[in-house]
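Asker: Right, I'll just put the structure down here and ask away after.
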Amino acid sequence: MRDLDARAQGLMKDIDKLADDYLKNINKETQEKKKEQLSHIQSLFNKAKEYGDDKVQLAIQTYELVDKHIRRLDSDLARFEAEIQEKASNSNRAQEESNASKKGRKKLKEKEKRKKGTTGASSEDESKNARKKQKKGGSVTSAAATGAVGSGAQADTSALGHPADVLDMPVDPNEPTYCLCHQVSYGEMIGCDNPDCPIEWFHFACVGLTTKPKGKWYCPKCTQDRKKK
């Protein structure tokens, strides 16, 4: 394009110079010479026009080539944007599925937790009801009876200390505790005859008993309270 411009401009300068010479010597030259000069100038004009046409053709080809590349870039850009949107959609779908799965597991755990809590509360209520029934009947709990309220431990009634195997047993956090030692029910136990006793049941060993006493029996705390009255 630059080379064509240079050639065309060079021709136009030559044409201008020849035209000036023609006009200056128009009255001096013969008719044949004038025709020759005009024919030469006309040929230069035609050559300059050819350079101009070549420039136009080159410009059209350049435009078409650029337009072709632009369309290709537009197509690649559209395809790239579609791929990005598809990946983003897949990522969001995977994230939603993951969140839904986590929520499902969380709800299941909460349901199991509530179920365990309800079972523990029910077991505790049953243990308390069993204690109250035994206390009203004035009976002493044995290893078999304590198994019914959830302890399942056995103890030697002749021993004054806590059995080692019972103390080493894991304690269910939902199982109620009794006695001065704040331990779960095990072995033989005796109920305080004070209906307002906050503890209610005591291990034989903790209150120094080996057998059930005759008549009514009060725990050490209730005995002191009764003496104060």
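Here the Cβ of each residue, glycine as well, is placed from N, Cα and C on the backbone.
From TrEMBL, here are the annotated features:
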| type | residues | note |
| --- | --- | --- |
| REGION | 86-156 | region 'Disordered' |
| COMPBIAS | 102-117 | compositional bias 'Basic residues' |
| COMPBIAS | 137-153 | compositional bias 'Low complexity' |
| DOMAIN | 176-225 | domain 'PHD-type' |
| SITE | TYR178 | site 'Histone H3K4me3 binding' |
| BINDING | CYS179, CYS181, HIS203, CYS206 | Zn(2+) 1 binding site |
| SITE | MET189 | site 'Histone H3K4me3 binding' |
| BINDING | CYS192, CYS197, CYS219, CYS222 | Zn(2+) 2 binding site |
| SITE | ASP193 | site 'Histone H3K4me3 binding' |
| SITE | TRP201 | site 'Histone H3K4me3 binding' |
Asker: Whole-number Å only: compute the distance from the Cα of MET189 (site 'Histone H3K4me3 binding') to the Cα of HIS203 (Zn(2+) 1 binding site).
Answerer: 4
Asker: Among all the protein chains here, how many other CB atoms are within 10 A of the CB of CYS192 (Zn(2+) 2 binding site)?
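Answerer: Other Cβ atoms found within 10 Å: 22.
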Asker: Where TRP201 (site 'Histone H3K4me3 binding') and CYS192 (Zn(2+) 2 binding site) are concerned, what is their Cα separation in Å, rounded?
Answerer: 6
Asker: Can you tell me the three-state DSSP label for TYR178 (site 'Histone H3K4me3 binding')?
Answerer: strand
Asker: Reduced to three states, what secondary structure does DSSP give CYS206 (Zn(2+) 1 binding site)?
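Answerer: CYS206 (Zn(2+) 1 binding site) sits in a helix per DSSP.
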Asker: How many whole Å apart are the CA atoms of CYS179 (Zn(2+) 1 binding site) and CYS219 (Zn(2+) 2 binding site)?
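Answerer: Answer for this pair: 9 Å between alpha carbons.
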Asker: What subset of the recorded positions TYR178, CYS181, CYS206 lies within 10 angstroms of CYS222 (Zn(2+) 2 binding site) at the C-alpha level?
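Answerer: Neighbours among recorded positions: none.
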Asker: Report, as a single number, how many Cβ atoms besides its own are within 10 Å of the Cβ of MET189 (site 'Histone H3K4me3 binding').
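Answerer: Its Cβ shell of radius 10 Å holds 27 other Cβ atoms.
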Asker: Find, for the listed binding-site residues CYS179, CYS219, CYS222, the residue with the lowest Cβ contact count at a 10 Å cut-off, counting only other Cβ atoms.
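Answerer: Each of the binding-site residues CYS179, CYS219, CYS222 was scored; lowest Cβ tally within 10 Å is CYS222.
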